[in-house]
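The structure appears below as structure tokens.
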Amino acid sequence: MVFGGYAVSIGITVAGTVLSVMLMALYAYPISRSDYPYRNAFTFFLFFTMLFNGGIVSRYLVYTQVLGIKDSYLSLILPLLIVPFNVIIMRTFFQTTIHPALIESARIDGAGEIKIFVRIVLPLSLPVLATMALFSTIHYWNDWFNALLFISSEDKYPLQYLMMRVLNDVQYLRNNVELAAQNPTLMQELPNESLQMAMAVVGMGPILLVYPFFQKYFVKGLTVGAVKG
């Protein structure tokens, strides 16, 4: 079951990170352009979602009744696709790094908006893209709450949800007075803090392996993207 949880978590993390960075870049770039007519409206919508949300019940109803993705891997990917704070960092990076004259020069040479975005903006934005990819990777890898809400099949449990259940089960058994009185030997054999430490190592392993590949971009992408709001 642990290896199955690893496979689910890795698949969800990879797919979610790629889609998340792609969608956030597509959202952040237009609102970073001063010539985009709906820039203020989309920026306000972004800030609004940071301040207000519909709550757990409404989200559960939308995902299960409207979208019909209960017990689906999509229910683990969609909730974390766009993070408003990360979009703001990307927008600020585009504003401070991509000079308007560069875009205008490419437009004069006959490049369209899509070509400008793919061939010019994205290659110059590797630091912030790598930073957002790291953030998204951590968000997806550490997420267990959405699995608690939407996943009912054991073969679709991510690793973090499995670890949470194991720790909660052990804690429940330790706090069960009747069971302790009936089976004192069993209670002594239950794992203690060593289980928590082992779970921590299992959970952190992939992130520790991934971080060195993003490290050279991380500081630059975060600092440049936070220069001004």
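Note that Cβ sites are derived from N, Cα and C of the backbone, with glycine treated the same way.
Lifted from TrEMBL, the feature list:
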- 6-214: domain 'ABC transmembrane type-1' (DOMAIN)
- 6-29: transmembrane segment (TRANSMEM)
- 41-61: transmembrane segment (TRANSMEM)
- 73-94: transmembrane segment (TRANSMEM)
- 116-141: transmembrane segment (TRANSMEM)
- 195-214: transmembrane segment (TRANSMEM)
Checklist line | When counting Cβ pairs under 8 Å to the transmembrane segment (116-141), the leader among 41-61, 73-94, 195-214 | finding: 73-94
Notebook entry, point to check: What residues in the same chain, six or more past the boundaries of the transmembrane segment (195-214), come closer than 8 Å to it by Cβ-Cβ distance?
Noted result: 2, 9-10, 13, 130-131, 133-134, 137-138, 141-142, 159-160, 163, 166-167, 170
